[in-house]
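Novice: Take this structure, written in structure tokens, and hold onto it; I'll ask about it next.
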Amino acid sequence: MNEKEVEKNFNNCQMEPTHYVDPKDIVEAEPLSWKFWKKRRYIVVLLAFFGFFNVYSLRVNLSVAIVAMTENRTVINEQGEETWVQDFPWDSKQKGLILSSFFYGYILTQFAGGFIGSKIGGNLVFGIGIGTTAILTLFTPLAAKHSLELLLAVRIIEGIFEGVTFPCIHAVWSRWSPPLERSRMASIAFAGNYAGTVIAMPSSGLLATTYGWESVFYVFGTIGCIWFILWMIIVRAEPSKDKYCSADECHYIESKIGSKGHNNIKHPWKEIFTSMPFYAIIASHFSENWGFYTLLTQLPSFLRDTLDFNLDKTGFLSAVPYLAMGILLGVSGYLADWLQVKGYLTTTQVRRYFNCGAFLAQTVFMILTAYLLDPTWSVVCITIAVGLGAFAWSGFAVNHLDIAPQHASVLMGIGNTFATIPGIVSPMLTGHLVVNQTSEEWKTVFFISAGIYLIGCVVYWFWASGELQEWAKTPEQKALELNHKKAISYANEAITIKDETTTTTN
């Protein structure tokens with residue numbers, strides 16, 4: 001091929017309507033600033049934050065309320081005699097069953113939530129899931145007073161509806177989140193989990209001691225219903241369907257993502273289930289959830305029974321680790337995006353360093369908690385261990401969007417199915433291990449958590465990836481990449497021929 005032919009091919013390639021445009025070259029007319037309310041996508045993030053606030057406040061309130069529901073209270077009868085009574089005489093195994101029952105339902109709808117969210121829009125599934133859970137929470141006191149079996153049934157049904165939330169929010173991000181804003185947008189929204197925990201744990205303790213344990217469920221159930229109404233009114237499936245999203249922002253998001261919607265997605269199941277980066281995410285998610293659910297369901301009991309804190313202090317101290325995590329999630333999300341934007345680290349490096357660094361630290365501090373078992377230092381170690389989990393969430397939790405954005409909600413659904421197993425097994429295992437509330441029994445619980453963190457760290461380090469997988473590329477993306485490669489090839493060939501011509505002339 002001579003110089004003129006190469007130049008002609010290069011020009012033709014540049015003039016094709018599907019010519020490659022580097023996403024880095026696409027900018028908004030009005031750049032993102034601290035005035036986040038001017039960007040519709042961050043209104044979605046804010047409401048998602050409060051959505052996850054409800055997800056966890058509705059989930060953890062029973063962890064504190066069950067302490068009040070089963071504690072021995074002093075009662076003076078008509079004869080003036082002092083007696084001890086319990087509202088519910090449940091033993092440690094029954095309490096473990098009650099706390100884990102939520103996850104029996106939760107594990108069933110992970111895949112369904114991701115799959116349906118990718119088809120009809122994650123916003124609808126997310127809203128209905130949380131709204132229904134809030135309504136059922138209002139009926140929890142009635143169910144508990146009726147029978148243990150009915151309480152278990154209500155908690156299982158709550159889990160079924162709340163199980164769709166994490167997978168389907170990835171369907172929302174896949175349509176609203178530009179790639180270099182994914183870490184911060186997802187992290188800010190996920191921080192709502194820990195804000196909900198921080199508020200719910202101490203508030204539940206105060207409500208239970210002041211107004212009775214029933215008030216815990218009435219207050220948080222009502223808050224969840226109010227949020228549901230606002231979410232359904234304000235949030236749409238994608239920018240193009242939101243009349244309040246500016247044309248500039250809509251074009252920017254869709255150009256960055258590379259598509260305008262994913263209504264007819266065909267999931268490559270064989271490639272998904274043979275993808276090692278996907279299995280690395282699952283292993284990491286399982287490990288993080290084991291430590292998290294162990295503390296989420298058992299920390300109030302541990303503080304009261306082993307470290308002798310009363311119910312008021314138990315609620316507040318149980319919330320401290322999640323306050324640390326909520327704060328650090330915003331930091332870790334921003335830092336992860338900043339390192340990528342500046343080019344200091346690749347996406348793969350960011351995910352790997354953040355995730356594995358957090359897991360190693362959590363392993364160390366879980367072991368220290370097991371050895372110290374001191375009222376002050378135990379709380380400090382647990383706070384650091386849980387808080388540093390924020391960096392892990394900026395690793396594995398958004399990694400689905402890196403490797404397969406169109407299939408992210410389904411990947412999250414499959415992964416979170418396995419990651420829900422700790423929510424079922426951990427409370428029951430703790431209930432069987434911790435029978436006499438001795439320090440040695442609690443040591444075993446913390447050692448198990450530390451070991452699982454370490455295993456997750458090793459698996460993720462060797463097999464994680466932050467690159468878009470070949471099987472996840474759309475035909476349009478493959479065509480653009482091919483066109484880009486052709487343009488580069490023709491350009492390089494033209495330069496080579498020109499250099500050879502110059503050399504020959506000289």
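Residue numbering: from 1, along the chain as shown.
Here the Cβ of each residue, glycine as well, is placed from N, Cα and C on the backbone.
Annotation source TrEMBL lists transmembrane segment at 42-59, 97-117, 124-144, 150-173, 185-203, 215-234, 276-296, 316-341, 353-371, 377-398, 410-430, 442-463. According to TrEMBL, the feature domain 'Major facilitator superfamily (MFS) profile' maps to 43-468.
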Novice: So if I exclude everything within five residues of the ends of the transmembrane segment (185-203), which remaining residues of that chain have a CB under 8 angstroms from its CBs? That is, six or more out.
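Specialist: Counting only partners 6 or more residues beyond its ends, the transmembrane segment (185-203) has Cβ contacts under 8 Å with 41-42, 45, 48-58, 60-61, 63-64, 169, 173, 176-177, 216, 219-220, 296, 300, 315-316, 318-319, 322-323, 325-327, 329-330, 332-334, 336, 390, 393-394, 397-398, 401.
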Novice: Please check if the transmembrane segment (410-430) comes into contact with the transmembrane segment (124-144), where contact means 3 or more CB pairs closer than 8 Å and the residues in each pair are separated by 6 or more positions.
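Specialist: These two segments do not touch.
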Novice: Determine which residues of the chain contact the transmembrane segment (150-173) at the Cβ level, with the cut-off under 8 Å and only residues 6 or more beyond its ends counted.
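Specialist: Same-chain contacts beyond the flanks: 44, 48, 51-52, 55, 58-59, 62, 97-98, 101-114, 116-118, 121-123, 125-126, 128-130, 132-133, 136-137, 139-140, 143-144, 182, 185-186, 189, 235, 237, 398, 400-401, 408-413, 416, 420.
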Novice: Three or more CB pairs closer than 8 Å, sequence separation of 6 or more: does that hold for the transmembrane segment (316-341) against the transmembrane segment (42-59)?
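Specialist: Result for the transmembrane segment (316-341) with the transmembrane segment (42-59) is no.
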Novice: Report yes or no: does the transmembrane segment (377-398) come within contact of the transmembrane segment (124-144), defined as 3 or more CB pairs under 8 Å with a sequence separation of 6 or more?
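Specialist: Not in contact, no.
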